[in-house]
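Novice: Here it is: the structure, laid out below.
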Ligand SMILES: Nc1ncnc2c1ncn2[C@@H]1O[C@H](COP(=O)(O)OP(=O)(O)OP(=O)(O)O)[C@@H](O)[C@H]1O
């Protein structure tokens, strides 16, 4: 019962939160405007009766009713439409805000790694869906209006004759057939949706500067366009099939409605000819049956739309529910001490993690003790689980089993917030925020940056961004990003330096995570970054913090106090740089490969000797 009405309640809550005034206006104006339409016919009937009986007051009443009904239709109609359009646009924003809030409420990214859920969220957040969800509440009110209008029309006809009232009721099957038309369209949309999405990915790629370049450089553009067109054509064929089927059902529905209206008119003529119907009733019935086709058509249209809106609302309710359940998931019997720097080591025991939908664990039974005040390098081949491991330590993923603790603090669902409070991170998939450089860096700790603006230039210098900022037209105030007409697009390395500077803004950390911090940096910038590791080591020692960095560049690991070598999700080796260089194993193998690659002599040099 609750779950059935939950989506409707959700839509109402969203609309009410957005604008109670507009909700009331829509609730009052739309249905009343609809109900006023049959009253025009009543006005006609009363006025004709007044003319026939020669009663002036009755004539006046009829005309007043007629004019008032017309006024109500226009005034309430236009007020209702205005408020509904405003409400729809604003509610769409409220709902999108709720989704973003719910996603931000997740302390881990576990759920967001689930491809199926991501797809559902992306679909709801797509422009078209957001608009549809925003209009859902107004759409349901329109259905209420259409039902009331239909009900009042039937009642007024019943007032004249029960036979007459039965005729529009007979056309109710048209609504069922309309449902079939909706299902046919819906099925076509479901089939065409993934094809359109794939074509969209190709089109988006081709339209982006980077994708356009790939297409031109490789000469693959024509092939990609052809593939996108094939996908669109296939989607169009699916939709055409759906449209044909829907058209057949709709035609059947509208035919039965037309037959009903014709039957109503026929009965009226027959009854009038037989003297069973007075002139006043005749006038009202003709006016009502004239409207009947429109009333039934409107009912059909609104109920179809309502089905679509309800499906979107159910999707939204399901996704929000899933996200919120995760946020509120209780964990019993856990400690909530806040991890701090200090002397206690960070201890991982029996830690394993498997991504949703994957059969194999990305991190398996990891046991590790990391002393406080140390800089730790995590190395290994592609896909060995380095990012997964550091994300687990940062509290961004929830292990399937095992425990992470530091002193009295254990990382649990309840303590996650405090745990993350002391983490600063530069992740491999860092965000490229197209803001000013200052704003992009300040995101590292918005409050600290507002209180102590001097943190920003210092963080830029530490990240090696200062020289780039000097060359930008407005320094720190330069607008970044090619989406803005006055925006400056940055190089991959400059974006990475901004992300690095962001991680340096936070001051009160005990865990500093850098996942491939130099992947986009040039040789000089990379050398400066690792040179500055001495500062980081000193900082770690001073506060008892831990700095973790993931790197493919094994030479950089010489700076670390400890190196963790991962192989297929398990720890293959742990030791100091000296220990690992001198022991046989994966670290030595990988180092040998890298060194031999850097040692390759240029062919021209070889030829000269
Ligand atoms: N979101 C995800 N969903 C499913 N599997 C994932 C996801 N992210 C990573 N994996 C898988 O987990 C394994 C470990 O990935 P991870 O990113 O931790 O490796 P890595 O050592 O950091 O690799 P790289 O050096 O390429 O960055 C890989 O097999 C990868 O395919």
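A Cβ is built for glycine as well, from the same backbone N, Cα and C atoms used for every other residue.
Below are the features I grabbed from TrEMBL:
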- 130-308: domain 'ABC transmembrane type-1' (DOMAIN)
- 346-593: domain 'ABC transporter' (DOMAIN)
- 60-81: transmembrane segment (TRANSMEM)
- 130-148: transmembrane segment (TRANSMEM)
- 154-175: transmembrane segment (TRANSMEM)
- 246-270: transmembrane segment (TRANSMEM)
- 282-300: transmembrane segment (TRANSMEM)
Novice: Could you tell me whether the transmembrane segment (130-148) and the transmembrane segment (154-175) are in contact, taking contact to mean 3+ Cβ pairs under 8 Å with a sequence separation of 6 or more?
Specialist: no
Novice: Could you pull out which residues elsewhere in the chain have a CB under 8 Å from any CB of the transmembrane segment (130-148), counting only those six or more residues past its ends?
Specialist: 8, 11-12, 14-15, 23, 26-27, 30-31, 33-35, 84, 87-93, 95-96, 124, 295, 298-299, 301-303, 305-306, 308-310, 312-313, 316
Novice: Could you pull out which residues elsewhere in the chain have a CB under 8 Å from any CB of the transmembrane segment (282-300), counting only those six or more residues past its ends?
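Specialist: Those are 34, 37-38, 40-42, 44-45, 48, 146-147, 149-150, 153, 156-157, 160, 164, 168, 171, 174-175, 178, 250, 253-254, 257-258, 260-261, 264-265, 268, 272, in sequence order.
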Novice: For the domain 'ABC transporter' (346-593), provide the mean pLDDT of the predicted model.
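Specialist: 88, rounded to a whole number.
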